[in-house]
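Look at Swiss-Prot and you will find 143 tagged as active site. Positions annotated as S-adenosyl-L-methionine binding site by Swiss-Prot, on the basis of sequence analysis: 68, 93, 120, 143. Residues or ranges marked as substrate binding site by Swiss-Prot on the basis of sequence analysis: 147, 180, 217, 218, 219, 220.
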């Protein structure tokens, strides 16, 4: 995933703000991934267009919508969609081989409640996701930018939290984060505690046990065997 910074200007040409985002990184598709992209994109892919999506039109029903940013190769997202047919899932990933792999797995699993996008997540949120429409926003194992001088590049910042808040359903919507970097977990808690309109739903302390709905990945299982921790965090939109 690559990061870019663009400037936004007003009509007078004065810069209003800097926008940091994460954009599509091209990679080499395998033949299987390319085949899945070609075959499945017409039914499961959503092209970027600066217009708000209508979830009923997208999925053909009014089921709750779960959106994941940065699903990697998509195995856990496909598993979640397969295990919860009563929900609709949409994944945004900038790495095209990951999108192809996800579509291939989804086709093999025979699921119909999953859609994917290959575009900048911030642009999608700003122009395509209706306010107050998401039941859950998932952000699993984002780049930790572990060097201190790079912490400002972490996706979880106050402006990102506010963007998420606007898209979640009031008094219901959940922002679910997971990381295997303790320092990033602490950073997430610090940011979310400052972000207005959110409450941590952990019963004790700041973190929750891994929820059953989040599949245990091979990478995570290996980390457990090596003694590495994983921190799950859930905040609910309250205002």
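Using N, Cα and C of the backbone, Cβ positions are placed for all residues, glycine too.
Shown here: features listed in Swiss-Prot, placed on the structure.
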residue	record	DSSP (3 states)
68	S-adenosyl-L-methionine binding site	strand
93	S-adenosyl-L-methionine binding site	coil
120	S-adenosyl-L-methionine binding site	coil
143	active site	coil
180	substrate binding site	coil
217	substrate binding site	coil
Query raised in the report: Between the recorded positions 93, 143, 180, 220, whose Cβ has more other Cβ atoms within 10 Å than any of the rest?
Result: 93
Requested in this report: Using only the Cα atoms of 68, 93, 120, 143, which the record gives as binding S-adenosyl-L-methionine, return the largest interatomic distance in Å, rounded to a whole number.
Outcome: 15
Query - Site with most surrounding Cβ atoms, counting all protein chains shown within 10 Å, from the binding-site residues 68, 120 - result: 68
Report task. Using all protein chains in view, find how many other C-beta atoms are within 10 Å of the C-beta of residue 218 (substrate binding site). Result -> 9
Requested in this report: Report, in whole Å, the straight Cα-to-Cα distance of residue 93 (S-adenosyl-L-methionine binding site) from residue 180 (substrate binding site).
Outcome: 20
Query raised in the report: About how far apart, in whole Å, are the alpha carbons (Cα) of residue 93 (S-adenosyl-L-methionine binding site) and residue 217 (substrate binding site)?
Result: 17
**Report entry** Position of peak Cβ density within 10 Å, selected from the binding-site residues 147, 219
**Finding:** 219
